[in-house]
Amino acid sequence: MAVNVYSTSVTSDNLSRHDMLAWINESLQLNLTKIEQLCSGAAYCQFMDMLFPGSIALKKVKFQAKLEHEYIQNFKILQAGFKRMGVDKIIPVDKLVKGKFQDNFEFVQWFKKFFDANYDGKDYDPVAARQGQETAVAPSLVAPALNKPKKPLSSSSAAPQRPISTQRTAAAPKAGPGVVRKNPGVGNGDDEAAELMQQVNVLKLTVEDLEKERDFYFGKLRNIELICQENEGENDPVLQRIVDILYATDEGFVIPDEGGPQEEQEEY
């Protein structure tokens, strides 16, 4: 039977989005580029097969699933495996299959802890187990978003007393796996242009992922800030410590004034 894991709090042990994808791709020899691709449920099914051989009807898992009803079928297989191994976790299938970053990221963070608590280190050939199948990429994940308007970074109508510093959230985008290099000695200019466009699209998707992740965590910090402001008159030392951490900045960092040239420098 499985070792159940109930802690879902954010800790320093939680992996970042990039580290989580790297762990999944390395463990299952997949080529995922987005957390949202976990919405098919196929990766979780194979992880269960790795942890508890025979607990999942892996042959019934649709690794090439592209439609929501196929995702739901995969999660039903996962639920059956959970029940068979005594896993108490309730799978929020209706949320996961929508392919939203936040829901899928929270679930995979729990699953990573569950995996670590149950993995015994035995050898496992993921490609052979799934008979060479590769996961499909949903059309919405590969369509270039060249004309998609960007959401403003600050959309709150009520400005905080002191803005939360977000200078650490700007990360250099890295091209994810999946870009196929062609032999430079074969093909022509059209092939090179197509390859460059593919790389540009991958980078754009990576940037969008980073922006989603940034907004996700910034929203959590903003909620914490509002709670602190609502209770600031209580003189609670723990509350004051939280406020100090929220407003802490790196040495030498100056919060730019609203309006003026500084805002233009932040655009990219």
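Quick reminder: no glycine exception, Cβ is built from N, Cα and C everywhere.
Lifted from Swiss-Prot, the feature list:
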- Ala2: N-acetylalanine (MOD_RES)
- 14-116: domain 'Calponin-homology (CH)' (DOMAIN)
- Lys66: N6-crotonyllysine (MOD_RES)
- Tyr124: phosphotyrosine (MOD_RES)
- 124-268: region 'Interaction with MTUS2/TIP150' (REGION)
- 146-160: compositional bias 'Low complexity' (COMPBIAS)
- Ser155: phosphoserine (MOD_RES)
- Ser165: phosphoserine (MOD_RES)
- 185-268: region 'Interaction with CDK5RAP2' (REGION)
- 208-268: region 'DCTN1-binding' (REGION)
- Lys220: N6-acetyllysine (MOD_RES)
- 220-242: region 'APC-binding' (REGION)
- 232-255: region 'Interaction with SKA1' (REGION)
Integer Å distance between the CA atoms belonging to Lys220 (N6-acetyllysine) and Lys66 (N6-crotonyllysine): 31
Alpha-carbon distance [Lys220 (N6-acetyllysine); Tyr124 (phosphotyrosine)] in Å: 38
Structural state census, the region 'APC-binding' (220-242) (DSSP three-state): 20 helix, 0 strand, 3 coil
Integer average pLDDT (0 to 100) for the region 'Interaction with CDK5RAP2' (185-268): 74
Ala2 (N-acetylalanine) to Lys220 (N6-acetyllysine) - Cα separation in whole Å: 32
DSSP residue counts for the domain 'Calponin-homology (CH)' (14-116), split into helix, strand and coil: 69 helix, 0 strand, 34 coil
Mapped DSSP class for the residue listed as 'phosphotyrosine', helix or strand or coil: coil
Number of Cβ atoms other than its own within 10 Å, given for Ala2 (N-acetylalanine): 19
Cβ-Cβ distance under 8 Å to Lys220 (N6-acetyllysine), same chain, at least six residues away: none
Cβ neighbour count (within 10 Å, all chains shown) around Tyr124 (phosphotyrosine): 16
CB contacts for Lys66 (N6-crotonyllysine) [other CB atoms within 10 A, all chains]: 13
